[in-house]
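These notes concern the structure reproduced below.
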């Protein structure tokens, strides 16, 4: 696992700030009303319909994210041209025996592995590596390899955006904290990492916290309208949990690609965005031709993109929010990948969890200071259920910190197995010789 660094901590901070605003901005977009081609119930008179409808477009939110990610490629190519760089994104330097340093790119790594297998001379290797560096091209193999995490990112974004339609921003963000559960399990299964007793205890705490948050976020009064809203909230929570399973798988795949295949974080973001746009273009006709429904569930399989464009054209506020979201989510995706490389996949999951506090504070600010309230507001009131949600949040933070051993659980027996393993490693013949 990569050791923490000051750069990694700065990336984590930027990830928290941009992630906070990206969530609230998207929730705000959902609540903005603008004239379009579709009709909805008039909030002033439910017996009538109007074209002044909310911009509840989860699939268009996916487009915004993929556009922001793909723009990273434009930035990289412009920087390469202006600074005359050999590579779009300079990878981390590695050091050979003897102190000679080299760019650890996917192509150079492949050449080094080839030399180990075939016994080619270092001079020939250096010549081939120089040719690769002079070209500065992204190999088709690298582009193709990014297709898998790109597809995972597209799917998890869709599930998350649909879930955000029906639950508050803070509950949405807290439910995303369950990613640490899936990330830990997949790290064991796919990357052969070992979990100790305190890891499992911490995962249990996070699971309980998600249950508390879900209970608070889906509990309403017994009125007919609020019962329907509660059913939608439960469905939204299920979609958020499904998104976290996909996110955890994506994180593990990205960690493998960046640390083993040496794909740079920003290039990975750009290629994932480009692949996402390709997948999106293929999905647009399907989503447009599917029959619309009257239930909220229809948002999953149908979206009228012409209506989206008309609504945006009729609302300068929507235009500004979309631009702000593209900037925020672009920053989030870049910094999140750097956190994975400079810290670890689990630390990225922890950062995702801690940004919840900022989202919740912004929601309270919108409700009590801006005083934007109502069904389509991103603001959140403090209610009796907020105390349950707060308890879930505190438990989630404690669980994630104890997982990383930043705090210690009050049960020494949970750490005994790890201590024995460390002691055995220290007493090995190799380590004993090191201390003679």
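Cβ from N, Cα, C; glycine included.
Note: TrEMBL annotation is automatic and uncurated.
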Of 162-181, 382-401, the range TrEMBL labels transmembrane segment: 382-401
Range annotated as transmembrane segment in TrEMBL, from 127-149, 265-287, 288-310: 265-287
Of 19-38, 39-58, 59-78, the range TrEMBL labels transmembrane segment: 59-78
Listed range which TrEMBL flags as transmembrane segment, given the options 229-253, 404-428: 229-253
Seg_contact(the transmembrane segment (318-340), the transmembrane segment (59-78)) with at least 3 CB pairs under 8 angstroms, min sep 6: yes
Seg_contact(the transmembrane segment (265-287), the transmembrane segment (382-401)) with at least 3 CB pairs under 8 angstroms, min sep 6: no
Long-range environment of the transmembrane segment (382-401) - Cβ separation under 8 angstroms, sequence gap at least 6: 170-171, 174, 177, 180, 202-206, 208-213, 215-217, 219, 349-350, 353-354, 356-357, 360, 364, 407
